[in-house]
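Per TrEMBL, signal peptide is recorded for 1-30. Residues or ranges marked as domain 'Purple acid phosphatase Fn3-like' by TrEMBL: 62-180. The annotation domain 'Purple acid phosphatase N-terminal' is assigned in TrEMBL to 187-291. Taken from TrEMBL, the feature domain 'Calcineurin-like phosphoesterase' applies to 303-516. What TrEMBL records for 541-600 is domain 'Purple acid phosphatase C-terminal'.
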Amino acid sequence: MRSLSFLYMEFLAMLMLILFQCLIFGSATAAVVHAGNGDGVQPLSKVAIHKAVYAVHENASVKAHPLVLGTKGGDSDWVTVEVDCPKPSEDDWIAVFSPANFNSTICQPSDDMEESPYICSAPIKYTYANDSNAEYKKTGKALLKLQLINQRENFSFALFSGGISDPKLVAVSNVVSFANPKAPLYPRLSQGKSWNEMTVTWTSGYNIIEAVPFVEWGMEGESQTRSPAGTLTFHQNDMCAPPARTVGWRDPGFIHTGFLKELWPNSVYTYKLGHKLVNGSYVWSKSYSFKSSPYPGQDSLQRVVIFGDMGKAERDGSNEYKNYQPGSLNTTDQLIKDLKNIDIVFHIGDITYANGYISQWDQFTSQVEPIASTVPYMIASGNHERDTPNSGSFYDGNDSGGECGVLAETMFYVPAENRAKFWYSTDYGMFHFCIADSEHDWRQGSEQYKFIEKCLASADRRKQPWLIFVAHRVLGYSSSYWKDGSFGEPMGRESLQGLWQKYKVDIAFFGHVHNYERTCPVYQGQCMDTEKSHYSGTVNGTINVVVGGGGSHLSGFGPTQTSWSLYKDSDFGFVKLTAFNHSSLLFEYKKSSDGNVYDSFTISRDYRDVLACVHDGCDPTTLAS
């Protein structure tokens, strides 16, 4: 096999692509059967692509159409894949590869193979052939419908036998591609470093040598201006470990960020993404709009959505994603449905669960584009973004699959001083948010601890009465996060709850645990208030909320009944905060399945209640006159 010509190897790679595509649909059927809690394993990691062998059958074929996608200007399209296999089996599968034409000579040798693998790049998705035709094993024919998004490269489909653990390449399809594969796509809004600044980040196939990126924007109905955008990318050697550094690698294209400054408060702006080519012509995205942030302290209706651990899913049912992130699409669709009643979104870690398979980040930004292009989509760093051994993360696992924070730091903008240290503060009207990075040291005396205290202390509670702390891992209280009689991260709670109490943090939000739980206002393991749903006057502790049911496989609860836990739900959902004014806040937990409210409480208080003395949270006084 090693003596095959370069062209022959390319043909082999194409065949493997087709087989992966068959696998995608087969997986979908299994997903329907097993949908629910999910298995928590990245589907692409199940594919032993480095073990693939050449078994092309001259009478097997895979055909894909249309050849050109997105002819009507869309950034996604459906492809029909026809499979004809003379020796079908129930574990035949189809893989989608992009780029369609890949060179196996760049593969790195695997420890369990004497020779370099034929294919060193994982497919971007897959399905089983019999998902579309229950009679496939008898007829050898399948007709698959797969949805593709524009990911800057062309696509091919490969038919494999042997299942995903022992793949044998049988046939490869023709190539299909988008009309403009380099188009600017998937804008993500974020708060800038000042209240009147909005940033727009997007992805394209244009290097700055080919085209100059910019944003054309302005108030709705008024003249537009143009702001330049910066361009970043990263390379395979920027990854810290497999699979991101090996089979999971895929070129990310170019990530651009424009800064829209000196915005008027509460105003609707329109914008579109542009690239000026070297020949003087322009490439444009479609038009979008957003509403600018209110002035800090402004008394108006302000609505915030918070959740963690959502991940992505495939609308065509491929990749077994109903088993991996079974609630992801429901959460996404509920937010889109209610988008007119949402002002800002916080996705507090475990963003895509790509786990080192880089192609999945494009697919995630495509999934959330209706949300992220309209309201600020603020993220926090989780273990599945950051953790890689010997990379500086506080936890030494490889939950990021070797990404070591590079993808999250580049694909999304956050107003941090150093995005490699993913902690930051941001204001939205009457809210002040302190976003911690649970994957870096947060213990007392650390650099991040000093930031957290400075962030909490900087809140002007007369203007911004609602003080919110956010982190991915449960640095506070969770009945699920139980081990050896401790809950959450004991060191985190010991280090930080003193700060929450001192600065009278209203609510501390966490993800990581894939369910929903709300505590009483708690301090040092004790409820500081007997009320459960209508808090008035001084709230003597911080309400801890786990909201990690954004979409990934669900978590149960620990064996101990805790006195500080008021509401538990092992289901998919998110939280919505509504500030009506400086004195009234509504908290709602909604399920992703129907968007209905299943838990809620209110806080009603005056400014003097915020200033009032609480246990371990009293300002010093003097007897001097």
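For all residues, glycine too, the Cβ spot is worked out from N, Cα and C.
Automatic prediction, not curation, is the source of TrEMBL annotations.
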Item to complete: Could you tell me whether the domain 'Purple acid phosphatase C-terminal' (541-600) and the domain 'Purple acid phosphatase Fn3-like' (62-180) have 3+ CB pairs under 8 A, leaving out pairs under 6 positions apart?
Response: no
Practice prompt. Mind tallying the domain 'Purple acid phosphatase C-terminal' (541-600) by DSSP state, helix then strand then coil?
Written response: 0 helix, 30 strand, 30 coil
Worksheet item: Counting each residue once, how many in the domain 'Purple acid phosphatase Fn3-like' (62-180) are helix, strand and coil under DSSP?
Response: 10 helix, 48 strand, 61 coil
Discussion item. Mean pLDDT across the domain 'Purple acid phosphatase C-terminal' (541-600), rounded to an integer, is what?
Written reply: 95
Discussion item. Is it possible to list how many residues within the domain 'Purple acid phosphatase N-terminal' (187-291) are helical, extended or coil according to DSSP?
Written reply: 3 helix, 53 strand, 49 coil
